[in-house]
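Worksheet: one structure, shown below.
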Amino acid sequence: MKTKRLNLIFLLLLISISVFLFLYLTVNTRGDLSFAIRLRSQRIIPFFLVGFSSTIATIVFQTMTQNIILTPNIIGLDSMYILLQTVIFFFFGMNHVLVTHHQLNFFLSLLLIIGGSLGMFWLFFKKYPGKIYLMLMTGLILGTFFSSFTNFLQVIIDPNEFESLFARTIASFNRVDVTLVGFSVLITVPVLIYLFKESRTLDVLHLGRAYALNLGINIDKYYLILFIMVSILTAVSTALVGPVSFLGFIGANIAYRLFNTYKHATLFIGGSLISVLFILSGQLLVEHVFRLQTTLGVIIQFAGGIYFLFILFKERNV
């Protein structure tokens with residue numbers, strides 16, 4: 001009975017995604033349909049790439065921390081990205097090659113986010129093994145510092161440049177550079193395959209640290225590997241479309257309630273499909289209801305914030 005229910009949910013998700021995908025490609029084409037479809041289809045891979053990356057990274061992170069309200073960005077990865085963009089605009093201006101050359105900006109963002117997180121992980125797992133919450137607290141403090149310094153620079157930056165900077169620091173699929181999609185796929189797909197292969201080990205990790213140790217898992221070494229995988233997925237998503245911290249949160253937490261299982265393979269696929277559905281429906285709203293007067297990032301933050309508060313109050317009353 002449970003298998004039939006899961007299959008039905010997956011079928012409904014796939015049908016819903018197909019319907020919204022068809023609507024996204026064909027609504028308000030006005031003219032050459034084939035040209036419109038060819039233009040819009042360039043965003044389909046980023047939709048799925050970001051949906052899968054952000055959701056799977058969040059599920060893995062929440063399994064490691066044993067907390068369903070935390071996301072990888074609690075360690076300041078998105079704040080690091082926004083600070084980098086702000087520093088570039090502040091010191092070099094909007095016409096500098098670091099801004100105009102999208103590939104260079106993309107790889108610089110990846111290098112900073114992954115390099116910074118790896119440095120922090122290595123330091124804590126070397127000096128403070130087993131103290132994961134100390135690392136999370138340090139990341140939270142660093143993220144707050146990055147945000148404060150970013151706000152300081154943005155206050156005194158040239159107003160004309162701030163407008164361009166703001167567009168960079170809000171998640172948007174309208175400005176995705178299609179030349180970066182291939183690089184993103186090459187980086188992301190091996191990580192996703194690895195995490196899917198490790199889904200059974202993650203099922204054991206879900207039982208708790210003590211059980212995982214008793215069942216033969218080298219926790220500190222395994223946590224370090226998982227943190228690296230999570231950082232790569234988060235870095236690619238952020239560098240490609242901007243900060244999408246609440247997207248993975250939405251997909252992961254709806255999947256927990258909808259599928260009601262501890263099996264990570266099921267949660268990975270189900271949560272990712274939910275996020276892709278959210279992206280498609282949100283992008284339809286952005287383009288055809290709000291007429292591009294807002295971005296998908298704003299909708300994600302709004303919906304994610306409301307859902308976050310809902311979960312907080314619900315958990316408090318349990």
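Going from the start of the chain as shown, residues are counted 1 onward.
Yeah, the Cβs are placed from backbone N, Cα and C, and that goes for glycine too.
Automated prediction, rather than curation, is the source of TrEMBL annotations.
Note that the structure is predicted; figures quoted are calculated from it, not measured.
Some features that TrEMBL has for this protein:
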type	residues	note
TRANSMEM	6-25	transmembrane segment
TRANSMEM	45-64	transmembrane segment
TRANSMEM	70-92	transmembrane segment
TRANSMEM	104-125	transmembrane segment
TRANSMEM	131-157	transmembrane segment
TRANSMEM	178-196	transmembrane segment
TRANSMEM	222-255	transmembrane segment
TRANSMEM	267-286	transmembrane segment
TRANSMEM	292-313	transmembrane segment
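Sequence-distant contacts of the transmembrane segment (267-286), counting only residues of its own chain at least 6 positions beyond either end whose CB sits under 8 Å from a CB of the stretch, comprise 9-10, 13-14, 16-17, 20-21, 23-24, 27, 43, 47-48, 50-52, 54-56, 58-59, 173-174, 195-196, 199, 247-248, 250-252, 254-256, 258-259, 261, 292, 294-296, 299-300, 303. Same-chain residues lying 6+ beyond the ends of the transmembrane segment (178-196) with a Cβ under 8 Å from its Cβ atoms: 42, 45-46, 49, 52-53, 56, 60, 102-103, 106-107, 110, 202, 229, 232-233, 236, 240, 265, 268. Sequence-distant contacts of the transmembrane segment (70-92), counting only residues of its own chain at least 6 positions beyond either end whose CB sits under 8 Å from a CB of the stretch, comprise 57-58, 61-62, 98-99, 105, 108-109, 112-113, 116-117, 120, 135-136, 139-140, 142-144, 146-147, 149-150, 153-154, 156-157, 161-162, 164-165, 168-169, 230-231, 233-235, 238-239, 242-243, 245-246, 248-249. Under 8 Å from some Cβ of the transmembrane segment (104-125) lie the Cβ atoms of residues 75, 77, 80-81, 84-85, 88, 97-98, 131, 134-135, 138-139, 142, 177, 180, 183, 187, 220, 223-224, 227-228, 231-232, 234-236, 238-240, all in the same chain and six or more residues away from its ends. Same-chain residues lying 6 or more positions outside the transmembrane segment (45-64) and placing a CB less than 8 Å from one of its CB atoms are 70-72, 132, 173, 176, 181, 184-185, 188, 192, 195, 202, 205-206, 223, 226-227, 229-230, 233-234, 236-237, 240-241, 244-245, 247-249, 251-252, 255, 264, 267-268, 271-276, 278-280, 283.
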